[in-house]
Amino acid sequence: MKKLEALLENSFNIRFDDKRLLETAFTHTSYANEHRLLNISHNERLEFLGDAVLQLIISEYLFAKYPKQTEGDMSKLRSTIVREESLAGFSRYCSFDAYIKLGRGEEKSGGRHRDTILGDLFEAFLGALLLDKGIEEVRRFLNQVMIPQVEQGTFEKVKDYKTCLQELLQAKGDVVIDYQVISETGPAHAKQFEVAVLVGEDHLSKGTGRSKKLAEQDAAKNALAQLSEV
């Protein structure tokens with residue numbers, strides 16, 4: 001953890017008082033489960049807290065930044081900013097992926113590079129930072145890491161895959177597109193949804209995500225990739 005502490009201090013001017021909070025934020029459930037006798041805490045509860053403070057800070061920012069945007073437009077942009085893929089990218093940008101503790105099986109299966117794990121890690125770090133330093137320190141960190149990307153319009157350029165799929169298919173004729181939840185797993189604060197996209201009665205593709213909306217976007221993205229190969 002010394003290297004992680006040095007990274008945070010040198011890159012972001014962050015120094016944790018409670019080192020246990022920081023260690024917990026970087027401990028995946030798979031690692032804790034493999035070391036049950038040591039009674040190690042994992043980062044799911046911190047992830048829950050981090051998700052909440054992230055939503056609040058980004059919502060406040062968008063409300064102030066875009067006074068003429070509708071609630072729907074702001075919600076869509078916020079969803080893009082805080083989606084799993086985006087948060088995983090921020091974890092990589094901060095080099096957090098190098099420091100997460102994973103179980104052996106998760107490590108071997110490529111968990112260190114998985115968006116789901118890295119997105120959760122970013123939220124867990126925010127939760128730990130909130131408890132250790134307060135919301136203003138979380139806001140300062142996000143102003144360093146996330147907000148510059150928002151200011152550059154990065155997230156406004158992200159594709160709405162459902163709309164792209166609908167436009168592509170309807171250009172070929174009048175079709176009915178439907179999204180159905182196949183499975184719902186995980187605890188209440190860390191759900192994982194699997195969704196299928198159907199065209200009429202034909203199963204086109206599947207996708208996963210931490211919400212139904214994200215899973216639908218992933219399914220539409222996979223469907224577009226599949227159709228491009230035809």
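Just so you know, glycine gets a Cβ as well, placed from its N, Cα and C.
Pulled from Swiss-Prot, these are the features on record:
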- ASP51: active site (ACT_SITE)
- GLU123: active site (ACT_SITE)
- GLU47, ASP120, GLU123: Mg(2+) binding site (BINDING)
- 5-134: domain 'RNase III' (DOMAIN)
- 160-229: domain 'DRBM' (DOMAIN)
Taken over the domain 'DRBM' (160-229), the model's mean pLDDT: 85
Those recorded positions listed as GLU47, GLU123, and which of them has the most Cβ atoms within 10 Å of its own Cβ: GLU123
ASP51, ASP120 as recorded positions, winner by CB count within 10 A: ASP120
Three-state composition of the domain 'RNase III' (5-134), taking helix and strand from DSSP: 97 helix, 2 strand, 31 coil
